[in-house]
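Per TrEMBL, the features are:
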type	residues	note
DOMAIN	46-482	domain 'Major facilitator superfamily (MFS) profile'
TRANSMEM	44-64	transmembrane segment
TRANSMEM	113-131	transmembrane segment
TRANSMEM	137-159	transmembrane segment
TRANSMEM	171-192	transmembrane segment
TRANSMEM	204-230	transmembrane segment
TRANSMEM	268-286	transmembrane segment
TRANSMEM	292-310	transmembrane segment
TRANSMEM	322-344	transmembrane segment
TRANSMEM	364-383	transmembrane segment
TRANSMEM	395-417	transmembrane segment
TRANSMEM	423-445	transmembrane segment
TRANSMEM	452-472	transmembrane segment
Amino acid sequence: MRKSRTRSLCTISAEERPWKNDIVTFDSKDDPQNPKNWSYRRKAFVTMLFGLTTMCSTFASSVFSPAFRFIAKEYNVSTEVVTLGLSLFVIGFVPGPIVFAPFSEMYGRRISVLLPMFTFICFSAATATAANLQTVMITRFFAGVMASSPVTTVGGGLADMYEQRERGTAVVFYSLAVVAGPTLGPVIGAAVSQSHLGWRWTEYLTVILTSVVVLADIVFLPETYAPVILTRKARKLRLKTGRWALHSRHETNDFTLRGFLETNLLRPVKMIFTCLIFSFLSYDMLPLKFCLYITDGILYLLFGAVPIIYEQNRGWNTLQGSLPFLAVLLGTFFAAAVNAAYSQLVFAPNVDKHGGKTQPEKRLPPMMLGSITFPIGFFLLGWTSNPKIFWFPSVLGLFFIGMSFLLIFQAGINYLVTDGMKLFVLQASNTFMRSLFAATLPLIAQPLFNNLGVDWACTLLGCISVILAWVFDLKFSYALND
């Protein structure tokens, strides 16, 4: 009798199901509508779309950098002034997360990516057709604000689909796409700027690439945020059954303008700044977060430093001087392989061993490796940059810097997510601070390297990296041995 009753409940349609308290949920733990139950192939495809969309954002930030000299000549200003075009784009990543992170928690990941990226295309086109330098700067800033949407939102999208055991591998391949943007940008931008097309085609190219990716997103990118999926399911059930009391938990939120501002904007802003203050007051989290911020800033500092090292010192042309960025990209590929191997061979078995849970610090050994190789890269880059020395050792230094960046970045993000912080607050606060560093450091690249010289400037950065590595290893080595 009990078995037949259980069987009848399992086969009952969603329209006839007696939903408890009229709250619509997934039909079972294996419900295919739940993004966590999607097939591996579908998850991989959605991750690829997320990665390509974010790559368009980061590509746009750096493709502009090889054009500094040409823009300065056209508008009769110094290259230091034109560098603001890069910094203003990255500064746009500061206010963007405050809006897009809570927006994605209310309306879902899909619309939070598509709408801002369409606006980003419009601002990039405006930069390409700008008649004066002021228009270039203003449109670059607003393009950066809109481009911050996938950087802020996609982390939540990955968490929607992947369990803790799988997330590390997913973040590896997503991060590769993210890093490929700013490292390929200078190479492609140099080829375009130096050609008969001119610097404006760096922006036209951004418009074309992003339009293709956004069109693919419109056609193929599904919603991944479970509360929004359940809200749509509840809406369909109400229309089919006429049971107007059916609703999702998400629909119990206050969707009025006042409720949106208070719950999804003002409160998150308070939480973000509280998170930032806590980070800087907490000895436990400060070394880790500072490592994330400084590594992201260093990547953007290289956009100003590499041309000095290879174009100014060695006499290479714009295209040749951008090719060393490929060493940074190769370094990130190597780091991705290390992170993927660690996630599959060490971290995942540890999660299985402890019943699906493990210490967040178990995410960190790749980061500790990266903190050691980071200063090695700077010392090698600085002290082999003399034009009399063959170029390969300095390029090898860039390889170590790229490898270290991804080792530190991926492990740090995985650790913070595993540590249980509210995801959109984590994403927004980290994007906020990383963007401040990434926007500031390119502005000091030319004064730093021109006044101190390449060797001593890299030595200074290497010494800072040594201090960070020492503090980090001292703090977390005890937790890793538990």
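Cβ coordinates are placed from backbone N, Cα and C, and glycine is handled just like the others.
No curator has checked TrEMBL annotations; they are predicted automatically.
What you are looking at is a predicted structure, and each value in this text was computed from that prediction instead of being measured.
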Positions whose Cβ lies under 8 angstroms from the transmembrane segment (113-131), at least six residues beyond its ends: 50, 53, 56-57, 60, 96, 100, 139-140, 142-143, 146-150, 153-154, 200-201, 203-204, 206-207, 210-211, 214, 217-218, 221
Segment proximity, the transmembrane segment (137-159) to the transmembrane segment (292-310), 3 or more C-beta pairs under 8 Å: no
Average model confidence [pLDDT] within the domain 'Major facilitator superfamily (MFS) profile' (46-482): 83
